[in-house]
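Engineer: Sharing the record's features from TrEMBL:
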{"type": "TRANSMEM", "residues": "20-42", "note": "transmembrane segment"}
{"type": "TRANSMEM", "residues": "62-84", "note": "transmembrane segment"}
{"type": "TRANSMEM", "residues": "91-115", "note": "transmembrane segment"}
{"type": "DISULFID", "residues": "Cys153-Cys186", "note": "disulfide bond"}
{"type": "DISULFID", "residues": "Cys154-Cys170", "note": "disulfide bond"}
{"type": "TRANSMEM", "residues": "233-254", "note": "transmembrane segment"}
Amino acid sequence: MHYYRYSNVEVSCWYKYLLFSYNIVFWLAGVAFLAAGLWAWSEKGVLSDLTKVTGLHGLDPVVLVLVVGIVMFTLGFAGCVGALRENICLLKFFCGTIMFIFLLELAVAVLAFLFQDWVRDRVKEFFENNIKSYRDDIDLQNLIDSLQKINHCCGAQGPDDWDFNIYFNCSSESKSREKCGVPFSCCIPDPAQKVVNTQCGYDIRKKSKSQWDDQIFVKGCIVALEAWLPRNIYIVAGVFIAISLLQIFGIFLARTLISDIEAVKAGNAF
């Protein structure tokens, strides 16, 4: 008498195509970020002269966009192909990378809470380095201007931080028209003016500090950000939780699909 073993184990189409759909969004977002970053670099002439990348000592926001795009593109591609082809190696790569990013985010959040003074010093140093490179890159310039206008702040600790920039420095050697001034984004906007006055910060730091209050923001951006966080803690926590849940959902889908594939292979081995 012969006995036959029939296995009902199969890969779930629900998990397979749900993971594919999940990753196609990742992949398309990665393509969009890469396209935007490369377009921005082409507009700045970086693609024709890559030495411009190392010439900037501050943060180039485009580099951040490109890094995010590369990570999302790679993860999305690995997840899509891994799900469709039922490739365990690609699925494990996707799952492991998402897990690593999740743990890294968690570690950064915990360390930032435990070592607040150290984080504050690093943020101050980071902001000062970018002030030095304010005129070197248009994207960095727009980023700092937006940060100062939105938060009603000026400099890292205050307006005098603009001495770190050679164009705004008050030293006698400076020949810049912006000498001893601040960028227009530090100026208190006049509701009656429809056109932005980009020269409103000229020579302002030559005046006594008692006159600054009526013309520019005197609060530093680090202090402004520290005050902003407690007021918006629920929004920040909500965003962090939403991102974490999406990551956990992706890990769950990948692990479930890997288990199904391994069960099918084990069943076929008999």
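A Cβ is built for glycine as well, from the same backbone N, Cα and C atoms used for every other residue.
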Engineer: Short question: most Cβ pairs under 8 Å with the transmembrane segment (62-84), which of 20-42, 91-115, 233-254?
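Structural biologist: Between the candidates 20-42, 91-115, 233-254, the best contact partner of the transmembrane segment (62-84) is 20-42.
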Engineer: What residues in the same chain, six or more past the boundaries of the transmembrane segment (233-254), come closer than 8 Å to it by Cβ-Cβ distance?
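Structural biologist: Distant contacts of the transmembrane segment (233-254): 15, 18-19, 22-23, 79, 82, 91-92, 94-95, 98-99, 101-102, 105-106, 109.
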Engineer: Below 8 angstroms Cβ to Cβ, which residues of this chain, lying six or more residues outside the transmembrane segment (20-42), approach it?
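Structural biologist: For the transmembrane segment (20-42), the list is 62-63, 65-66, 68-80, 83-84, 94, 139, 249-250, 253.
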Engineer: Can you tell which of the disulfide-bonded residues (Cys154, Cys170, Cys186) has the fewest other C-beta atoms within 10 angstroms of its C-beta?
Structural biologist: Cys170
Engineer: Under 8 Å between C-beta atoms and at least six residues away from its ends: which parts of the chain pack against the transmembrane segment (91-115)?
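Structural biologist: Answer is 23, 75, 78-79, 82-83, 240, 243-244, 247-248, 250-251, 254-255, 257-258, 261.
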Engineer: If I take the alpha carbons of Cys186 (disulfide bond) and Cys170 (disulfide bond), what is the distance between them in whole Å?
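Structural biologist: Here the two Cα atoms are 17 Å apart.
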Engineer: Would you mind listing, in sequence order, the residues at least six apart from Cys153 (disulfide bond) in the same chain with a Cβ closer than 8 Å to its Cβ?
Structural biologist: Leu147, Cys186, Phe217, Lys219, Gly220, Cys221, Val223, Ala224
